[in-house]
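For reference, TrEMBL has these:
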BINDING   B:Glu35, B:Glu64, B:His67, B:Glu135, B:His168  Mn(2+) binding site
BINDING   B:Asp59  Ca(2+) binding site
Amino acid sequence: MLDNQLREWRPYVSPLDPCPPILIKTYVVPPNQYIHYQPMNLPQFTLDEAIRKGTLWPALYSPYMSRRKAKGG
Amino acid sequence: MWVYEKKLQYPVKVGKCDPRMARYLIEQYGGADGELSAALRYLNQRYTIPGKVIGLLNDIGTEEFAHLEMIATMVYKLTKDATPEMMEAAGLAPHYVNHDNALYYENAGGVPWTATYIAAKGDPIADLYEDIAAEEKARATYQWLIDMTDDVDIQDSLKFLRQREIIHSLRFREAVEILKADREQKKMY
């Protein structure tokens, strides 16, 4: 689900950069950007799932993965 | 008036002793795009917005206070047992000398909350676009907060709050659509 919400871009890398360059930067485009007005009768999460995720509708759900590398990374 | 339910909107669990994270979380407590700003912005704008969308601002503004409580709970849990030495090690010595371990409406840089963080232009389209921007900025802040901790319990609560910002943004954009809708109507004079 996250795959199609992440956009990548490549910043300019200078030979004089002081730190190791990050070659690919990403940003999130959440699904709300493509919904003008929510249509009726969208499929729903189960109530248990919805209350944990923060939305009733899979079409509006946006997961987020920490950019922090796993320990030792 | 409000009816208060004595529980949080979403459970807040803190998995490890990390007062440093409290210092960052305070951004969403008393920062420009934080929950206090959000609640006061919407609950103030609602008086002068067209009737069709007053209810939306009322409901979302109320939910923002529920989010404020969640952030407060995280900050409180992270700092309530912190000694002066621990506060200092977390970079919270300036906060400590002014407030002890009390919470305060300030941003992560220690700047106190100010009403200049919120706007009320009186123009419904302008106000709603401000609200949409505020939600997306809060969503981004939650992303950067999630990046700043490896505590999966805090991350879990922050991910819920982030998702709510996305929903609120959509609702405000729907409100704009509602206010735009008259265009197709034929007017007879």
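Using the three backbone atoms N, Cα and C, a Cβ is placed for every residue, glycine included.
A TrEMBL annotation is a machine prediction, not a hand-curated record.
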**Report entry** Residues close to Mn(2+) site centre defined by B:Glu35, B:Glu64, B:His67, B:Glu135, B:His168, Cβ within 8 Å
**Finding:** B:Ala38, B:Ala39, B:Ile60, B:Glu63, B:Ala138, B:Leu161, B:Arg164, B:Glu165
Report summary line: For B:Glu135 (Mn(2+) binding site) and the residue listed as 'Ca(2+) binding site', the CA-to-CA distance in whole Å is 15
Query raised in the report: Once the chains shown are all counted, how many other Cβ atoms turn up within 10 Å of the Cβ of B:Glu64 (Mn(2+) binding site)?
Result: 25
Report task. State the Cα to Cα distance, in Å, between B:His168 (Mn(2+) binding site) and the residue listed as 'Ca(2+) binding site', rounded to an integer. Result -> 10
Query raised in the report: How big is the gap, in Å, between the Cα of B:Asp59 (Ca(2+) binding site) and that of B:His67 (Mn(2+) binding site), rounded to a whole number?
Result: 13
Report task. State which of the following binding-site residues has the fewest other Cβ atoms within 10 Å around its Cβ: B:Glu35, B:Asp59, B:Glu135. Result -> B:Asp59
Report task. Would you count the other C-beta atoms found within 10 angstroms of the C-beta of B:His67 (Mn(2+) binding site) for me? Result -> 26
**Report entry** Cβ atoms near B:His168 (Mn(2+) binding site) (within 10 Å, other residues, all chains)
**Finding:** 26
